[in-house]
Amino acid sequence: MNSATLASVSNLLVPTATVIYALALLAHTVEWSSGLRVAKPAEKKVLVAADGSEISEPEDVAVSLRSEAASRIGVLLTVLAFAMHAGGVLTRGLAAGRVPWGNMYEFAITASLAVGAVYLFLLKRQRLQWLGLGVTFVLAATLGIAVLALYVPAADLLPALHSYWLVIHVSAAAIAGGGFTVGGLASILYLIKSRAERREADGKPMSAALRRVPTAAAMDGVAYKVHAFAFPLWTFGVLVAGPIWAYYAWGRAWGWDPKEVWSLVTWVVYAAYLHARATAGWRGRRAAWVAIGGWVVFLFNFIGVNLLLSGFHAYSGL
């Protein structure tokens, strides 16, 4: 296939993936909404599975079956959408004859692919479909914005971007961003679950939907592990590969460009999060809020800096 055909295939696959992610989001919404009824009084005994999730009592079986069916459909749709998504990114790169992250549209579809990859990898290793609602929302929203507002035709890179260090730098940052996103969503759900557990301890019932979510302690552990995986990649991509690329592209390793500054701020926030957990014994709510703050800074670095501020990294193509 020639470049025009490959570009057309990509332009078909990415919107298709967006629609399927939206359908997966709908399925996960049904999963949660079917369990929103309040469970019986909190003093009843519950069994806890090996992964920390609670096993419903017989009276909750019907609700659990509906939620489980919707969850499975959501996961299957997410896998299908991810395959379409990956195909769209691949054909975009082949059409352009280069790596597919030379502008905001391409980086959005590539970085969101990393989010999906991290989620599906963790889903295969652990029972993490409870994150499906948040993940599919992020993926559908990101691709939707990319298709509707950020799209530009495939074109050659700027001269400064013709470097294999670009591949290393952006690949590491994108994968780390996927980890930060999944970790941020886990931290948000941790706060919701921990609040429900505190209310249950005070005698207030917990919804059947939240009973299916692993314990707050288990989610806190997941968030920490994902961030511990992502942080070294961000460190390498931003503080090692990035400056090397900048030196060869612009003759200086660091110039306090807005993207460099906010990438460093992101690094500082996540370094503080991991340091506090390792040395100060921070667990739970305080650590979760720091992680969420880091995710907000990361999102501003990804979106706000590219669209609102000017600098050497202004490659939006808009």
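Every residue, even glycine, has its Cβ placed from backbone N, Cα and C.
TrEMBL lists 101-313 with the feature domain 'Cytochrome c assembly protein'. Under the heading transmembrane segment, TrEMBL lists 12-30, 73-95, 107-123, 130-152, 164-192, 229-248, 260-276, 288-309.
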Using a Cβ distance cut-off of under 8 Å, indicate which of 73-95, 107-123, 130-152, 229-248 has the most pairs with the transmembrane segment (164-192).
229-248
By a Cβ-Cβ criterion of under 8 Å, what residues six or more beyond either terminus of the transmembrane segment (12-30) are in contact with it?
66, 70-71, 73-75, 77-78, 80-82, 84-85, 87-89, 91-92, 109, 132-133, 136-137, 139-140, 143-144, 146-147
Per-residue pLDDT averaged over the domain 'Cytochrome c assembly protein' (101-313), given as an integer:
88
